[in-house]
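Engineer: Below is the structure I would like to discuss, written out as structure tokens.
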Amino acid sequence: MAVGLSALILGLWPMHLIWTYYSIIRTELVGPIVKFLLLIAATAILIIWLIIGIPGSVFAGLAYGFLAPIMATFGAFGEGKEKPLFHSYVDGTWSTITGSCTIVRDVKDLLFHSYFSIMDDLHLQKPPDGKPYEIRLLDIPGALIAAACGLLLDGIMFTLIASYKFPVMLFKGWTRLIQDLIGREGPFLETACVPFAGLAILLWPYAVVGAFLASILSSIPLGAYGAVVAYQESSFIMGLAYVASSVSIFDEYTNDVLDMAPGSCFPRFKYRKSEDGSSHGHSGLISRPSSFNKEKQEGKRPPSRVTSFKNSIDEFNPFKLLDHLFAECRHPGEELVNKGVITMEDIEETKSGKVGRGVLNVGLPAYVILNALLRSAKANSVGLILSDGSEITSENRPRHNLFDWFFDPLMVIKEQIKAENFTEEEEEYLKMRVLLAGDPNRLRSALPEVPSLNERKRAEIDAFARRLQGITKSISRYPTAKRRFDALVKVLLSELERTMGGSNQSTNGSRVQRLRSSVARMLSQKSMGKTANIRDEDPEGQITSSSRIL
């Protein structure tokens with residue numbers, strides 16, 4: 001991991017530098033002044049990335065190489081294991097090596113495929129209203145002064161507040177951990193976790209010191225945010241009001257976390273001109289987390305803070321959901337191959353250096369997600385019903401901010417689809433529109449004739465298709481998505497070979513064989529360094545491949 005990640009960072013850094021500058025200069029989303037500031041910020045980020053990335057790669061390699069075998073050793077002595085001494089040496093050796101290679105490949109996909117996809121969105125998209133975003137120069141001096149005041153005031157006050165509450169967190173945390181130890185609750189619920197929980201009691205002061213330092217460091221972004229408020233409201237006074245209110249917000253939040261008296265003794269002013277929004281002025285109290293309190297409600301027993309491993313709620317994992325998504329792509333993908341909707345050219349363009357039309361890498365996953373939305377809408381589900389009957393709801397969905405970006409918009413689209421109450425012909429029209437959105441020529445010939453579609457409904461269907469395509473494109477940038485997609489392409493290639501080999505094997509046999517060899521070479525981990533043309537999977541990335549070769 002240390003060697004592979006460091007080589008990726010160093011080898012791709014010149015390309016990241018050149019293409020980032022190119023994308024910022026060519027974009028039409030922002031004006032000249034914002035472009036200049038973005039170039040400065042991008043330069044700083046790229047330099048910091050180079051400085052932090054190399055030591056981080058070495059540390060990640062050391063941590064993974066040390067912790068992965070340890071965790072495998074714990075599993076070797078689990079229940080039902082035979083010859084635990086043998087497994088304690090064998091388990092975690094080869095799996096750690098292969099896991100390291102997989103991590104290196106996923107990072108390569110992020111630094112290559114996901115990076116180019118994001119940059120293409122930056123310099124190919126047009127401004128929504130036709131006017132590029134530009135900053136107001138007259139508001140900059142006031143915003144900078146507000147940020148300076150925020151950094152000074154918040155730095156001093158946050159340090160004083162954290163120093164005052166440092167012993168409170170120390171002794172309340174020790175009290176809670178000792179109570180859990182006596183009552184066998186929380187981290188002491190499972191026998192296997194007792195040694196680690198006991199270690200937590202000994203190391204709790206270090207956690208408190210870390211929280212103290214984090215509180216001081218948090219004054220930097222919170223204080224600097226005064227510049228954002230002053231600029232957004234076009235008012236230096238509003239920026240100063242936020243700077244003063246941020247002290248009260250921080251004090252109130254720490255009181256809630258430590259189960260101290262709610263509220264704050266510091267003043268809190270109105271720093272937004274708009275009246276709505278919970279964070280725009282005198283809003284309600286921040287919800288009290290149950291980190292240190294005992295849920296002091298009459299007649300109610302507090303829930304356990306750590307659920308037992310043996311009785312844990314069946315919660316979906318975002319990476320397992322990616323596996324399920326691409327597994328679901330296989331069956332409809334094979335059907336579309338048999339129907340001739342997905343062709344050899346789609347697979348060939350996806351894995352070549354040419355500009356892809358997105359039928360395979362964006363259209364097919366969007367097609368599968370649309371089927372799940374239609375299935376859920378017809379069943380009046382509160383969540384998303386998968387093909388195997390399992391349901392993703394707000395209770396069992398992955399607790400991850402990245403997943404929220406996908407799940408919440410999909411739920412909105414599902415409700416809109418339910419309200420539209422499409423007929424079967426309209427659903428087929430929508431499916432083809434989603435699948436073939438990247439190939440307008442084929443789309444016109446593949447769309448079914450639906451007499452019930454008027455101009456308004458046709459525009460709504462087109463809007464659904466564009467939104468699903470955008471969400472799917474974002475999912476394709478998710479870590480490990482590229483690797484899972486490559487496995488799907490292998491399956492579809494085999495199915496296409498079988499389909500084409502039945503009738504015109506003599507004509508297409510050599511072509512299929514050449515394509516199989518090419519795809520196998522590109523998907524092989526041994527040729528990772530030779531797959532420089534893999535980045536054009538984004539259908540909107542209408543960039544010549546020659547400009548992207550290192």
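FYI, residue positions are counted from 1 along the chain as it appears here.
Note: Cβ is positioned from N, Cα and C throughout, glycine not excepted.
Quick paste of what TrEMBL says about this protein:
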{"type": "TRANSMEM", "residues": "6-24", "note": "transmembrane segment"}
{"type": "TRANSMEM", "residues": "36-52", "note": "transmembrane segment"}
{"type": "TRANSMEM", "residues": "58-77", "note": "transmembrane segment"}
{"type": "TRANSMEM", "residues": "143-164", "note": "transmembrane segment"}
{"type": "TRANSMEM", "residues": "196-217", "note": "transmembrane segment"}
{"type": "REGION", "residues": "274-309", "note": "region 'Disordered'"}
{"type": "REGION", "residues": "521-550", "note": "region 'Disordered'"}
Engineer: Excluding the flanking five residues on each side, which residues at least 6 beyond the ends of the transmembrane segment (196-217) place their CB within less than 8 Å of a CB in that stretch?
Structural biologist: 155, 158-159, 161-163, 166, 169-170, 173-174, 177-178, 180-181, 186-188, 250, 254
Engineer: State the non-local partners of the transmembrane segment (143-164) in its own chain: residues 6+ outside its ends, Cβ under 8 Å from one of its Cβ atoms.
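Structural biologist: That would be 211-212, 215-216, 218-220, 222-231, 236, 239-240, 242-244, 246-247, 250-251, 254, 266.
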Engineer: Who are the long-range neighbours of the transmembrane segment (6-24) in its own chain, taking Cβ under 8 Å and residues 6 or more past its ends?
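Structural biologist: For the transmembrane segment (6-24), the nonlocal Cβ contacts are 35, 38-39, 42, 46, 49-50, 53-54, 57-58, 104, 107-108, 111-112, 115-116, 119-120, 122-123, 548, 550.
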